[in-house]
Every structure is written in structure tokens, then in C-alpha cells.
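Colleague: The structure follows.
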């Protein structure tokens, strides 16, 4: 809703909030989350090409994060959309593709500066929503439940929004005695409560989570699969966000976020191990049965793109069209490999069935 004069229902606190975060419940949840996340960081390098892992997992993260906002697309639609790099996407597939692009942009900026700045957040918002503005300028923003009732009204004044986001930026990039996992939960709540953008706040906030963990070196690369966990408990996510505003119940919110980290670390580990196992099988089969076309670049292509096409192989392996087509057709005709050729009219594409099933199910 917009255009109405609404009275804010929550006073944005200065950071860190005045709360004792050293409770037994928080410590217990923190220890589990920290151990689980350390496993993800330690295990990720088993995939030598880390860019491949970012590409593959970020596509599913984009899908699940968008689904939290009721932007629903199937894996088939998503992977098909990624086949045509030049196509003007529309609808849910476009929203999901823009999320992944925004995540990549944020990670690039983080690598350049080791900072998470408001400038980067605005860049991500503009890319995500394909618009050229930034923080909210007009009053009238209120968040509604599924019955249409206004349940939360953030800051309406544009100057106050800018001040609050400047304070949040300083907090994100400052040293702190708080564990980074607890601090991430605080940052996420503060960002969602400021609600700085006209649209896309939830998705930008979830990108901020994984970028912050990467900045603090709890992850080597931004691959934690948090949106799937939040999506499974979406009602709790929104309820606990609001509980902090209504009653200052930080403990339940912090524990919830830490539990999501623990759960989604397990899912991410399973995906990493599944991808490693599948790549190993593909590599052995390719070497033994097709040594003349074996290359690590070809394997990387088939695991970077769950649905691939001749043009992708041409570009990434620097081979001619007939050569690329020959490679893919030979592999698709091998019953020991999970590559399937799909023909739709004059267009052919090749599906890595085992990888698609792994990504769809979140388990090996």
C-alpha cells in the first residue's frame, strides 16, 4: 500500500540492541550453527571450481528466496529460462534470474572492497527490480497480512530512512564483540524493519545474510542455502520478526535464525557432496569411455548449467558448433551418463538429469 499517511508502529533501535544475547538457549543454538557452518566452509573446496558451485547453488537460492515472496517458478521453467541468455524474460522466471544477478553483483562488490555498503545495496535493488531509484522517498508504506490487515508500518520519512541505513551500514562494517552469526540475525531484523526500498526488501535482506557471513569469513563463498529453510517455516519467520517489534523478544528471533543456519548448512553440505559425487562419476565414465572428448571444462559446463545447449559448450570450450554438437550427442547417447537430449521444435537442449533431481530435492 502507498500514498497514505501512516504512523510508524516501531521505533528503530540504535545498534546493538539493548538485550542480553548471552542466554543458554542462544549459546546452545549458536554452537550448533557455528559447527554446521564451519563444515560447509571446510567442505566446499572439494569442488575445485568454486565459481561452478556459486552458479549452481545460487540458482536454487534465488528460486527459494523469491518463493518466500510468493514469486513461484518451477525448476523446469527456471532452467529453461537460463538457456536463452538473450531472451527478454518475463514473470517469475525474470524475478528469479534478477535475484541471482543481484547476488552475484553484491558478491563482486564485496570482493572489491571487503565492505557491504548502502551503495551496493542500492545497486542490487536496481538490478533486482529493474528500476533506477533507491531508498523510499514517499510515505504510505505499510506491511499487510494475507487478510489485508496492516501489521507493521516502517519509518515513513525519507531523511530518517537514510539516517537509519547509514547507521546500519556502519554497524555492518564495524568490529563487534558479538558473534557474527548473532550479529547477522540483528542486521537482518534491522534491515527488514527499516524496509528501505519500495519493493524487494525481503530478497535484498536475504542476500545480505549470506554476503555478511562471507564478509566475516564464516563462509569462503556465498553458498549457504538459507531461503529453503525460511520458506519451510515462513509463518514463524514473519511472526518472530514482528514479535521483536511488539515485545522485544530478541531471543526467539535469534534462536530461529541460528536454527535455520544449522538446518540449511546440512542441506548445503548434502548438495555439495552430491555434486562432488556426480562429478566424480561423470569424470570416470568420460575418461574411460570417451577419452578423446574428455576435458574438465566440458564437465564444468554440464554441472554449471543443469540445462545446457550447444552454444554454451562452444563458448566455454572454444570449439566449433559441429564439435560441440558431437560432444553433447555422444554423451546423451551413453546410457551410463545422466545427460538427456530434449528437442522442442528446432531447439535442442541437454539436461543433466541427476543434477536436476539433486537440486530439486535438496538431497543426494
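A Cβ is built for glycine as well, from the same backbone N, Cα and C atoms used for every other residue.
Residues or ranges marked as ATP binding site by TrEMBL: 69, 195, 199, 200, 201, 202, 203, 204, 205, 206, 237, 238. What TrEMBL records for 116-259 is domain 'Fido'. Among the features that TrEMBL reports, active site is placed at 195.
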Colleague: Taking just the CA atoms, what is the gap between residue 195 (active site) and residue 201 (ATP binding site) in Å?
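Modeller: Between the alpha carbons of residue 195 (active site) and residue 201 (ATP binding site) there are 6 Å.
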Colleague: Rank the recorded positions 195, 203 by how many other Cβ atoms lie within 10 Å of each Cβ and give me the one with the fewest.
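Modeller: So among 195, 203, the recorded positions given, the one with the fewest Cβ atoms within 10 Å is 195.
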Colleague: Checking the spread of the ATP site as listed (69, 195, 199, 200, 201, 202, 203, 204, 205, 206, 237, 238): what is the longest Cα-Cα distance, in whole Å?
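Modeller: The widest Cα-Cα gap among those binding residues is 19 Å.
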Colleague: Tell me the residue counts in helix, strand and coil for the domain 'Fido' (116-259), as DSSP assigns them.
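Modeller: Once the DSSP states are binned, the domain 'Fido' (116-259) shows 88 helix, 5 strand, 51 coil.
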Colleague: Below 8 Å Cβ to Cβ and six or more residues apart, same chain only. Which residues does that give for residue 199 (ATP binding site)?
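Modeller: Sequence-distant Cβ neighbours: 129.
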Colleague: I'd like the number of other C-beta atoms within 10 A of the C-beta of residue 201 (ATP binding site), please.
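Modeller: Step by step: centre on the Cβ of residue 201 (ATP binding site), count other Cβ atoms within 10 Å, giving 21.
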Colleague: Can you give me the same-chain residues 6 or more apart in sequence from residue 237 (ATP binding site) with a CB-CB distance under 8 Å?
Modeller: 68, 230, 256
Colleague: In DSSP terms, helix, strand or coil for residue 69 (ATP binding site)?
Modeller: coil
Colleague: Have a look around residue 205 (ATP binding site) and count the other CB atoms within 10 A of its CB, chains all included.
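Modeller: Around residue 205 (ATP binding site), other Cβ atoms within 10 Å: 21.
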Colleague: The domain 'Fido' (116-259): mean pLDDT?
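Modeller: Per the prediction, mean pLDDT sits at 94 for the domain 'Fido' (116-259).
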